[in-house]
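Written out below as structure tokens is the structure these notes cover.
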Amino acid sequence: MEPANDTTVTEFILTGLSQTREVQLVLFVIFLSFYLFILPVNILIICTIRLDSHLSSPMYFLLANLAFLDIWYSSITAPKMLVDFFVERKIISFGGCIAQLFFLHFVGASEMFLLTVMAFDRYAAICRPLHYATIMNRRLCCILVALSWTGGFVHSIIQVALIVRLPFCGPNELDNYFCDITQVVRIACANTFLEEMVMIFSSGLISVVCFIALLMSYAFLLTMLKKHSSSGESTSRAISTCYSHITIVVLMFGPSIYIYARPFDSFSLDKVVSVFHTVIFPLLNPIIYTLRNKEVKAAMRKLVNRYIFCKEK
């Protein structure tokens, strides 16, 4: 997508997370460790669910899709951020900025919708166990996942369409380590009140509505489970799982609401919240959603033994 004709800015300067060399090196080691955990673990999750016939239920199909989105979500900002720790002048082209913005909102919104679908899956499994296979059949799962991706795509197109029509004539400095609408809109050479309101309505509304829907669904599930708390270990595990999922929901939607559901003014906490939103959240997803699952862990060990250590068991 090309900028408007009156656009003179061809690149943006990113301020990064810190200007201190020692701090940059520490952050590089930390974020590289996170990224090198996120990529192989999520790839292993996808391969395990794909290759193990015992993990064919809708829940695991949704987990594989979540792992795929996490790979892309973490890869939108992390590689450039890691390279920029060693670059004096951190720049990104106008086209690169628009691409980063597009994929950030595409994958991020898709993940929000997918988390909502996963909450519905948990509701069906816990509250309608006898009808679960009928309700959450493979066809419905594919439709819900496709709708999640489509919703994310439409949302992202709206953000990009609003940005590319704005004129940029300087300054061109973005006070962050990646491109996002909250920084880009602030440096446009025009009155952006209408665009800002549409973006807040779009991004903020998605975040708030999904967040409230998820909290209500998990509150309902916890109420149902605690009524049957005498059922034994399986109920205790389900309650623990719900609390873990609520943690992810808060960590995902809290920063998103803070960033997008308010006027796009600059605050001192913006960069810290952005780190939680783009780095910490993809790190915790596989830990809480998948690696606490005994069936998945057993299947992963089996897969590693078979294909890496060449052992059948």
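Quick reminder: no glycine exception, Cβ is built from N, Cα and C everywhere.
Cross-referencing Cys179, Cys189, Cys210 with Swiss-Prot gives Cys179 as the cysteine bonded to Cys97, criterion being a recorded disulfide. Membrane topology taken from Swiss-Prot puts Thr10 and Ala238 on opposing sides. Taking a C-beta cut-off of under 8 angstroms and a sequence separation of 6 or more, Cys97 (disulfide bond) has the following same-chain neighbours: Phe12, Leu174, Cys179, Val184.
Mapped onto three states, the DSSP output places Cys179 (disulfide bond) in coil. With a cut-off of 8 Å between Cβ atoms, the residues of this chain six or more beyond the topological domain 'Extracellular' (79-97) that come close are 1, 3, 7, 9-17, 24-25, 27-28, 31-32, 35, 168, 174, 177-179, 184. If one looks beyond the topological domain 'Extracellular' (164-204) by at least 6 residues along the same chain, the residues whose Cβ comes under 8 Å of a Cβ in the stretch are 1-4, 6-9, 11-17, 76-77, 80-81, 84, 90, 92, 94, 96-98, 100-101, 104-105, 109, 155, 158, 256-257, 259-264, 266, 270-271, 274, 278.
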